[in-house]
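Written out below as structure tokens is the structure these notes cover.
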Amino acid sequence: MESIGIVAPQTMHFAEPLRLQSGSVIGNYQLVVETYGELNAARSNAVLVCHALNASHHVAGVYADDPRSTGWWDNMVGPGKPLDTNRFFVIGVNNLGSCFGSTGPMSIDPSTGKPYGARFPVVTVEDWVHAQARVADAFGIERFAAVMGGSLGGMQALAWSLMYPERVAHCIDIASTPKLSAQNIAFNEVARSAILSDPDFHGGDYYAHGVKPKRGLRVARMIGHITYLSDDDMAEKFGRALRRADGALDAYNFSFDVEFEVESYLRYQGDKFADYFDANTYLLITRALDYFDPAKAFDGNLTAALAHTQAKYLIASFSTDWRFAPARSREIVKALLDNKRTVSYAEIDAPHGHDAFLLDDARYHNLIRAYYERIANEVGA
């Protein structure tokens, strides 16, 4: 299937202040957006794709000045793909607090003339959804045919169906969870601690020092990658294979240099991430993950939290995902069924762990394709 081709982001400016869940207010902010496909005359074929931790508005296609800059879900979104841009108008939004052009810690604080840094307020999934709703308003979209996301993106999709029930026809929630477990919060805390303890962090104001806390970011990403892969996947990819510069395959160096293939992989991923991502953004987004818990206001009762939803749902999980295990998706399914909502659920037997939602698995893509075929028939796309 062909790619959507060359795409270009656009920056949307919002003068009306946005009050955050914390009570802080962000004024005169901007959000970077990409769109794919055409909005029909009835404005009924719009789909919002919500991004996960380190992704962005750049969902599909490539940039003219960088043909290697393929969108993070290019295998899912495009002409003839499961989310077919010949039929749907797809929007990707870079969330507040991110580091890819939307207002965030790297932006200039108008009150000081300097980057916000650590002074940028903590944001939540709910704050992002409110900001995304303003994007929908700007496009004249009263109701999305679907809101879709994987992992943290799935949390946003679920939040949309809770916060704007009349504006979401279908919620597609993949490899996600209704709240983080204590173990997941612990992983995030270790990652944040690595960043906060980096001497180059400078209390979050490292921009003024001309440095980045790369060591902390590197470790944070390495921790994350361990949780994104399954044990079986890591065993198949790396096993206990050694990586030796001299070509020796069965001898140890008896040092603390990189010796195992899995060590090399983690360091490579950490180095790559530290080059392009912002540490303050990492702190913000992991805290937003921690805080997401729509049942909290209902004494932990997820069924009560979902009582006012109106959307139809597709919930999908992956058998080897231990970051957000299938049992967490089934919690959502049960709560929706308790409310007599229309729910489709699939647990896909895939070996790749949490990252499976990003990969080109035929069974998974066929599931999404079939569901969008149903939506297309409903909206005449």
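Including glycine, each Cβ sits where the backbone N, Cα and C put it.
Keep in mind the model is a prediction, meaning the values are calculated, not measured.
The domain 'AB hydrolase-1' annotation in Swiss-Prot covers 45-360 and rests on sequence analysis. The feature active site, nucleophile is assigned by Swiss-Prot to S151, with sequence analysis given as support. Annotated substrate binding site per Swiss-Prot: R221, D355, in sequence order, evidence recorded as sequence analysis. Under the heading active site, Swiss-Prot lists D321, H354. What Swiss-Prot records for R323 is site 'Important for acyl-CoA specificity', and it gives sequence analysis as the kind of evidence.
Everything Swiss-Prot records as a feature, shown here on the structure.
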| residue | record | Cβ within 10 Å |
| --- | --- | --- |
| S151 | active site, nucleophile | 26 |
| R221 | substrate binding site | 24 |
| D321 | active site | 28 |
| R323 | site 'Important for acyl-CoA specificity' | 23 |
| H354 | active site | 23 |
| D355 | substrate binding site | 20 |
Looking only at C-alpha atoms, tell me how far H354 (active site) is from D321 (active site), rounded to the nearest Å.
4
Over the domain 'AB hydrolase-1' (45-360), what is the model's average pLDDT?
96
